[in-house]
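Asker: Below, the features straight out of TrEMBL:
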- 12-34: transmembrane segment (TRANSMEM)
- 46-66: transmembrane segment (TRANSMEM)
- 78-95: transmembrane segment (TRANSMEM)
- 122-146: transmembrane segment (TRANSMEM)
- 152-177: transmembrane segment (TRANSMEM)
- 189-211: transmembrane segment (TRANSMEM)
- 217-238: transmembrane segment (TRANSMEM)
- 250-268: transmembrane segment (TRANSMEM)
């Protein structure tokens, strides 16, 4: 652990982003073994992913943001956190309105539509990519918060990366399996599924660099990432997991994911 505290937080953030990408690729690799995955199991794991993201937003992002804001803002420490949180949600809403994409349970695409109609594969890929960027950003901001070799902050950032990595496994499968079911080859489905998370190392890198460039932005950056993640959970993950008649299983999956991420953050932090 001491060796890690001596490393560049930028490279640590990038490495953590690569880890979360690898977990997505691991989930996508399920297409080499199965052409279809039980829908109930998929909905449960999507609920699990939502639970992890909700818990990570609070325990790993919003709670530290309030702590970082308190020395400068005192009783108004909630103000930069509220601003950042809402900004993250509105930013994702703007991206949602502009970039063409489609969710797993939808038949109609969202966003601005180009003159040349995009394939369903490209639209699904776009949706998952939009989803993955704030996760990478959250990891980068968490590592950017490490100051003066603070081992507690490092452990918290590692816990966040581990939690997001775990919930990326079902997300990788959630894109790759439908593509395989629709007739794509194993390799094609795997590549599309794995590459949807390539934005996570980029997001992690940008998040860490932004925080290092201006430390005073830390409360805003942490809460911005939290707002973006919560938008994704409420707008995409929960509806997708609840739309196929497996509401109880998806809800229990969410609760398990929340508790697991809470344990990771509290126990490791």
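Heads up, the Cβ atoms here are built off N, Cα and C, so glycines get one too.
Automated prediction, rather than curation, is the source of TrEMBL annotations.
For each listed feature, how buried is it and what is near it?
Answerer: Beyond its flanks by at least six residues, the transmembrane segment (12-34) meets 4, 132, 135-136, 139-140, 142-144, 146, 154, 157-158, 161, 164-166, 168-177, 179-180, 186, 189-190, 192-194, 196-198, 200-205, 207-208 of its own chain at Cβ-Cβ distances under 8 Å.
Listed as Cβ neighbours of the transmembrane segment (46-66) (distance under 8 Å, sequence separation of 6 or more from its ends, same chain) are residues 77-78, 80-81, 84-85, 135, 138, 141-142, 145, 153, 156-157, 159-160, 163-164, 166-168, 170-171, 174, 218-220, 222-223, 225-226, 229-230, 232-233, 237-238, 240-242, 249-262, 265-266, 269.
For the transmembrane segment (189-211), the list of distant contacts is 9-10, 12-14, 16-18, 20-21, 23-25, 27-29, 31-32, 121, 124-125, 128-129, 132-145, 168, 171-173, 175-177, 179-180, 217-218, 221, 225: same-chain residues at least six beyond its ends, Cβ to Cβ under 8 Å.
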Asker: Which range wins on Cβ pairs under 8 Å with the transmembrane segment (217-238): 78-95, 122-146, 152-177, 250-268?
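Answerer: Most Cβ pairs under 8 Å with the transmembrane segment (217-238) come from 78-95.
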Asker: Between the stretches 78-95, 152-177, 250-268, which wins on the count of C-beta pairs under 8 angstroms to the transmembrane segment (122-146)?
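Answerer: Counting Cβ pairs under 8 Å, the winner is 152-177.
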